Amino acid sequence: MPLRSLENSSSMSSTFLLSGIPGLEHMHIWISIPLCFIYTVSILGNCTIIFIIKTEPSLHEPMYLFLSMLALTDLGLSLCTLPTVLGIFWAGARDIGHDACFAQLFFIHCLSFLESSVLLSMAFDRFVAICRPLHYASILTNTVIGRIGLAALGRSVALIVPLPFMLKRFPYCGSPVLSHSYCLHQEVMKLACADIRANSVYGMFVIVSTVGIDSLLILFSYALILRTVLSIASRAERLKALNTCVSHICAVLLFYTPMIGLSIIHRFGKQAPHLVQVILGFVYLLFPPLMNPIVYSVKTKQIRDRVTQTFCS
């Protein structure tokens, strides 16, 4: 065997090394306290939303059924990253096997794109409620909502399933250090000792066909909503109609802003400080599951009243 092949094979790594916050390793145990608080609030908040919608018959309406899908997706995202993030900050456990890493990135990306689909579905719900109010009940039946949910899940799974297999065929040599406390496709593929153009092209295709199309359709939905709202004569009715969209707009901004920013940095921002990537990565995966239940509890009267009744009775 040639000497170069022997050197490469000897440097092959069977594990990846996850990273915490660079330069602050001595403070990881203290940083774990707010992280643990964020995870606790996220999990309890989303479980509360799901429980309230499931047990309150008056909330078995399209808007709240989509909200329960969003909460379930956020709950899954929190549970996907919790073991590795807290493992690093609590115990310094940085090692993760290849198969475990590929499984984690599958669930992270699948749930992220599923959340994008759910946000698009919620935009469609607001469009029908405001622009076609007389047909709302006949268009968004339980059967239609179920099919929308299954289609969203099917699209996410179908697009993400190839990624672990595409990564598994690569040899990994050299430094096995990842930039985040969890595995992402765009990070792992850069560690491969092989041509990764196919992965890069397919990854871009997945982002454009999910986040790209979904975000454009959401913008289009709100353009139609705004046109309809501006045609309403009463100022009070205009404000009432727009107020029903505030929570969803907040959820859209919380999700898409850090996600698009992180994708741009990973692909084009090679000169960006490493700390910016790490912090944006935490914002991308931790803040939507944390803030969505809070935003909907504060801005949606039915949810707020039911939460108050549940915890104060």
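Using the three backbone atoms N, Cα and C, a Cβ is placed for every residue, glycine included.
Some features that TrEMBL has for this protein:
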type: DOMAIN; residues: 45-296; note: domain 'G-protein coupled receptors family 1 profile'
type: TRANSMEM; residues: 29-53; note: transmembrane segment
type: TRANSMEM; residues: 65-90; note: transmembrane segment
type: TRANSMEM; residues: 102-124; note: transmembrane segment
type: TRANSMEM; residues: 144-167; note: transmembrane segment
type: TRANSMEM; residues: 201-225; note: transmembrane segment
type: TRANSMEM; residues: 246-269; note: transmembrane segment
type: TRANSMEM; residues: 275-296; note: transmembrane segment
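When Cβ-Cβ distances below 8 Å are used as the criterion, the transmembrane segment (246-269) is approached by residues 70, 112, 115-116, 119, 122-123, 126, 184, 186-187, 204, 207, 211, 215, 218, 222, 276-277, 280-281, 283-284, 287-288, 291-292, 295-296, 299-300 of the same chain, each at least six residues removed from its ends.
When Cβ-Cβ distances under 8 Å to the transmembrane segment (275-296) are tallied for each of 29-53, 102-124, 201-225, the top count falls to 29-53. Beyond the transmembrane segment (102-124), the same-chain residues lying 6 or more positions past its ends with a Cβ under 8 Å from any Cβ of the stretch are 63, 66-67, 69-70, 73-74, 76-77, 80-81, 84, 96, 148-149, 151-153, 155-157, 159-161, 163-164, 167-168, 182-185, 188, 206, 210-211, 214-215, 217-218, 221-222, 248, 251-252, 255-256, 259, 285, 288.
Regional average pLDDT for the domain 'G-protein coupled receptors family 1 profile' (45-296) in the model is 90.
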